[in-house]
Amino acid sequence: MSPPSDDAGPGPPRTLSLAARLSFAVGHFLNDLCAGMWFTYLLLFLHSVRGYSSRGAGLLLLLGQVADGLCTPLVGYEADRASCVRCGPRKAWHLAGTVCVLLSFPFIFSPCLGCGEATPEWAALLYYGPFIVVFQFGWAATQIAHLSLIPELVTSDHEKVELTALRYAFTVVANITVYGAAWLLLHLQGSAHGEQDISVGDQLGVQDVPVFRNLALLVVGVGAIFSLLFHLGTKEGHRSQHWGNEPNEHTPLVAPAAQPLLLWKHWLREPAFYQVGMLYMTTRLIVNLSQTYIAMYLTYSLSLPKKFIATIPLVMYLSGFFSSFLMKPVNRRIGRNMTYFTGLLVILAFAAWVALADNLGVAVYGAAVLLGAGCATILVTSLAMTADLIGPHTHSGAFVYGAMSFSDKVANGLAVMAVQSLHPCPSELCCGACISFYHWVMTAVTGGVGVAAALALCSLLIWPIRIRNRDPRDRP
């Protein structure tokens, strides 16, 4: 495969072989494995297993999200400016981020080294802080480098959707791996101790520390293998330092007017940048907050057995996995906006179901299918819309993805901290009031944020995505 050119200007369309598409799609697998644990199990591990306060657990998650949010636009800006002779700037940042994730993530889900029963909570939380910051820097570097490769590798809108859908399909596979491994480790733990099937609230405790530690080690081991496959199979083109490319048989006889570079400061003047940013942020809030609180909802509101913190998220992501394969034909038939709206309707149906049913029982599996399919649909479509926004301006694409992710990470962290601060049982793991608390949290993070996402979508229906023409002389 020849290296892709830098822009989507005149010339042959850039396409990828199946092997190249698959090798690209697995480049975010380590991040997805870690994110599955981070969002689904971090609060549960810190609050229910380690016994830290709900506010302390929320503070650590907020620290991670803010660190990620601050690093993301900086990495995006540097990735647009950087150069690397051997592998290209995006892959160089991807490699640096991967190393940071591998070295830091296992410590987050392990006991505090040197801490004892007399260690104050603030000291233990302080211990986890540096590992979380390093992990989030690495996660941000890997995410932005990987996302910003999409508009550089292919030019066709449908191929961008296909790459994004393949990427999300492996995101689902990663989460299936995490939840399947979690179920297996919990099952093996129960078999080893000959425990009876009792309520999850009674089972989760300090005895589960080895389960989460082993799960984290498994995550980084498997993720490292897939990161290696990405670097071996994905070729990033080296950027030319000159305007334009050498003429070939696809070059028009009369050259079009030169299109000025769209720099990071120019994006800040584009209304479409804020419209897509709001849609992306609300989409990520729905996906991440529902993933963060589903385990708490199952544990404390529905009082389901321990295995459900693995099986229900597994059902969600299996549903999302199968839905991701419908993205390309559905987008082609009804367009981006209607595809997103369809996914949003499914999520609102889930929110209504949760709000109206005090005890779902076996129906929780059906609700999980709805949530998984809806989240997959809106996430893939919002990423495709972001690629549409960037269009041929791939030289500043990493900044766009960085800015989008900054808003989503900080918003997620603040939302989690707000929820944790409102927790009605500050002095114990769960009192009677927290049963309804997590019930309404799940309703709000899907239905309430879903309404905000619908408003953002309406703005794109009224004012479609477009970049205003600028004077070519308007350069720094």
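Backbone N, Cα and C define each Cβ position, glycine as well.
Per Swiss-Prot, the features are as follows:
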- Met1: N-acetylmethionine (MOD_RES)
- Thr251: phosphothreonine (MOD_RES)
- 1-25: topological domain 'Cytoplasmic' (TOPO_DOM)
- 47-55: topological domain 'Lumenal' (TOPO_DOM)
- 77-94: topological domain 'Cytoplasmic' (TOPO_DOM)
- 116-121: topological domain 'Lumenal' (TOPO_DOM)
- 143-167: topological domain 'Cytoplasmic' (TOPO_DOM)
- 189-213: topological domain 'Lumenal' (TOPO_DOM)
- 235-284: topological domain 'Cytoplasmic' (TOPO_DOM)
- 328-343: topological domain 'Cytoplasmic' (TOPO_DOM)
- 386-398: topological domain 'Cytoplasmic' (TOPO_DOM)
- 420-444: topological domain 'Lumenal' (TOPO_DOM)
- 466-476: topological domain 'Cytoplasmic' (TOPO_DOM)
- 26-46: transmembrane segment (TRANSMEM)
- 56-76: transmembrane segment (TRANSMEM)
- 95-115: transmembrane segment (TRANSMEM)
- 122-142: transmembrane segment (TRANSMEM)
- 168-188: transmembrane segment (TRANSMEM)
- 214-234: transmembrane segment (TRANSMEM)
- 285-305: transmembrane segment (TRANSMEM)
- 307-327: transmembrane segment (TRANSMEM)
- 344-364: transmembrane segment (TRANSMEM)
- 365-385: transmembrane segment (TRANSMEM)
- 399-419: transmembrane segment (TRANSMEM)
- 445-465: transmembrane segment (TRANSMEM)
Please work out whether the transmembrane segment (399-419) lies in contact with the transmembrane segment (285-305), by counting C-beta pairs under 8 angstroms that are 6 or more apart in sequence and asking whether there are at least 3. yes
Outside the topological domain 'Cytoplasmic' (328-343), at least 6 residues beyond either end, the same-chain residues with a Cβ under 8 Å of its Cβ set are 158, 161-162, 165, 279, 373-378, 381-382, 384-385, 388, 454, 457, 460-461
Sort the residues of the topological domain 'Lumenal' (47-55) into helix, strand and coil with DSSP and give the three counts. 5 helix, 0 strand, 4 coil
In the same chain, who gets a Cβ under 8 Å from the transmembrane segment (168-188) while lying at least 6 residues past its ends? 25-26, 28-29, 32-33, 35-37, 40-41, 208, 211, 214-215, 218-219, 222-223, 306-307, 309-311, 313-314, 317-318, 320-321, 324-325, 327, 376, 379-380, 383
Taking pairs 6 or more apart in sequence, does the count of Cβ pairs under 8 Å between the transmembrane segment (445-465) and the transmembrane segment (285-305) hit 3 or more? yes
Could you tell me whether the transmembrane segment (307-327) and the transmembrane segment (95-115) have 3+ CB pairs under 8 A, leaving out pairs under 6 positions apart? no
Do any residues of this chain, six or more beyond the ends of the transmembrane segment (26-46), have a C-beta under 8 angstroms from a C-beta of it, and if so which? 52, 54, 56-58, 60-61, 64, 94, 98, 101-102, 105, 108-109, 135, 139, 142-143, 146, 149, 167, 170-171, 173-175, 177-179, 182, 204, 212, 215-216, 219-220, 222-224, 226-227, 229-231, 234, 288, 291-296, 299, 309, 313, 416, 420
Mean pLDDT across the topological domain 'Cytoplasmic' (466-476) comes out at 53
What else in the chain is close to the transmembrane segment (307-327), if you only count residues 6 or more beyond its ends and a Cβ gap under 8 Å? 36, 40-41, 44, 161, 164-165, 168-169, 172-173, 175-176, 179-180, 182-183, 186-187, 200, 291, 294-295, 298-299, 339, 364-365, 368-373, 375-377, 380-381, 384
Which residues of the chain, 6 or more past the ends of the transmembrane segment (214-234), have a CB below 8 A from one of its CBs? 19-20, 22-24, 26-27, 29-31, 33-34, 36-37, 41, 87, 91, 94-95, 98, 101-102, 105-106, 108-110, 149, 153, 174, 177-178, 181-182, 185
Quick test of the contact rule: Cβ under 8 Å, at least six residues beyond the ends. What residues does that give for the transmembrane segment (285-305)? 36, 39-44, 48, 61, 197-201, 204, 312-313, 316, 347, 359-360, 364, 371, 375, 378-379, 408, 411-412, 415-416, 419, 430, 434-439, 441-442, 445-446, 449-450, 453
Sequence-distant residues near the topological domain 'Lumenal' (47-55) by C-beta distance (under 8 Å, 6 or more away from its ends) are 111, 121, 124-125, 204-206, 208-209, 212, 299, 420-421, 423, 425-426, 429
Are there residues at least six beyond either end of the topological domain 'Lumenal' (116-121) with Cβ under 8 Å to its Cβ atoms? List them, or say none. 52-53, 56
